[in-house]
């Protein structure tokens with residue numbers, strides 16, 4: 001580099017060899033940002049695999065452990081293929097309609113190794129993979145409402161249809177520069193696109209799939225609470241990549257986003273546990289996990305653009321309002337009682353995501369918005385007028401209504417379409433048995449647990465069979 005000082009003297013500064021531009025590390029590439037982005041992406045991926053695989057597999061009744069974990073694993077793999085074949089461009093590509101982009105491949109070397117134009121210091125491959133892990137975890141969160149009874153073959157069809165017709169529309173509309181909500185909605189890392197959509201879609205799909213067996217609804221204890229906490233730990237710590245990776249740079253916004261994430265989550269967990277102790281006189285481990293999740297969800301739409309004190313307030317509200325809807329309102333509401341939302345995804349994600357989205361419109365700081373989105377900030381809350389936050393709150397409500405209505409309609413249509421091909425719900429016989437009927441496998445090698453018949457030689461003879469769950473829908 002050449003530096004000209006005040007006396008017009010020229011000084012030649014030789015950069016360390018590791019900073020020289022090369023064919024594989026062009027001048028526009030920031031190695032520090034690239035390293036952090038790859039790390040953050042891995043952290044988000046680990047929220048799903050192994051995070052939600054372990055959480056789902058241990059949080060459900062023992063006979064559903066394998067099926068629940070496998071729904072998450074299958075979803076992760078399937079979304080990746082859909083994403084690079086058409087999903088990425090539908091979510092972030094050139095405009096097709098105001099709601100979605102044109103489908104296209106995200107596989108060419110020229111495209112993936114090009115400069116990510118929005119922020120400019122990492123390859124496009126970083127952006128493609130980072131947004132994939134967001135899409136994957138969204139679909140897997142939907143599964144949390146359907147555990148313990150959905151036909152696995154219906155789930156295999158549901159995943160590619162939903163990520164293509166529902167998730168891509170939300171992502172394009174809110175996050176893509178050509179989306180009709182892009183210039184007005186504050187959704188830093190997915191409170192609407194990911195959590196509100198998954199909570200609403202999960203609840204809607206649960207309605208169409210139908211409930212678990214009545215005995216499972218009444219008594220559905222986790223089969224391994226210690227493993228459940230391990231899965232929850234992957235989720236919590238992985239969220240640092242979720243919110244810290246959204247700036248696509250190892251900068252100050254990433255730092256404050258990570259700190260805010262942990263402040264809100266810890267506060268929410270403590271508030272939820274306190275509510276349990278006050279009302280039920282006992283501290284619930286499952287309740288603590290639910291409070292942790294609502295805190296993570298609530299801070300997501302505003303993690304990098306609110307102050308830490310606001311993150312604390314958001315934690316108080318995310319630990320109390322979703323607690324009320326789940327522990328009080330749920331038991332009194334006919335709608336909530338009639339729909340079997342297995343893990344309460346509507347409360348932990350839809351309610352908490354909506355809450356976070358609204359609070360982000362209230363607490364967003366202009367200086368942080370400028371650091372994140374540039375000097376020409378487009379949001380109403382940053383216009384300097386006293387009523388800016390009120391107008392922004394109206395925009396946030398507008399975005400929430402769109403995401404909610406779209407997911408209710410599209411998820412319903414997807415379920416109705418699939419129901420014409422295969423049953424959405426397992427047969428009563430298979431529901432009684434669980435994993436052994438669906439996959440021919442069980443989570444623990446204990447004799448006689450959930451077998452169709454107590455055959456002493458059955459476990460030692462690997463005979464191929466067609467699972468009874470494969471049933472074409474009868475007219």
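Heads up, the Cβ atoms here are built off N, Cα and C, so glycines get one too.
TrEMBL: automatically predicted annotations, no manual curation.
TrEMBL lists transmembrane segment for one of the ranges 309-330, 375-396, 419-440, namely 309-330.
Highest Cβ pair count under 8 Å relative to the transmembrane segment (36-57), across stretches 64-86, 192-210, 248-273: 64-86. Note: the stretches the transmembrane segment (222-242) and the transmembrane segment (399-418) are not in contact (fewer than 3 CB pairs below 8 A, sequence gap of 6 or more). The average pLDDT computed for the domain 'Ammonium transporter AmtB-like' (36-444) is 94.
If you count C-beta pairs under 8 angstroms between the transmembrane segment (248-273) and each of 127-147, 192-210, 285-303, 399-418, the highest count goes to 285-303. Same-chain residues lying 6 or more positions outside the transmembrane segment (152-172) and placing a CB less than 8 Å from one of its CB atoms are 67, 70-71, 74-75, 78-79, 82-83, 86-87, 90-92, 99-101, 131, 134-135, 138-139, 142-143, 146, 178-179, 192-193, 197, 201, 205, 209, 403, 406-407, 410-411, 414-415, 417-419, 421-424, 438-439, 469-470.
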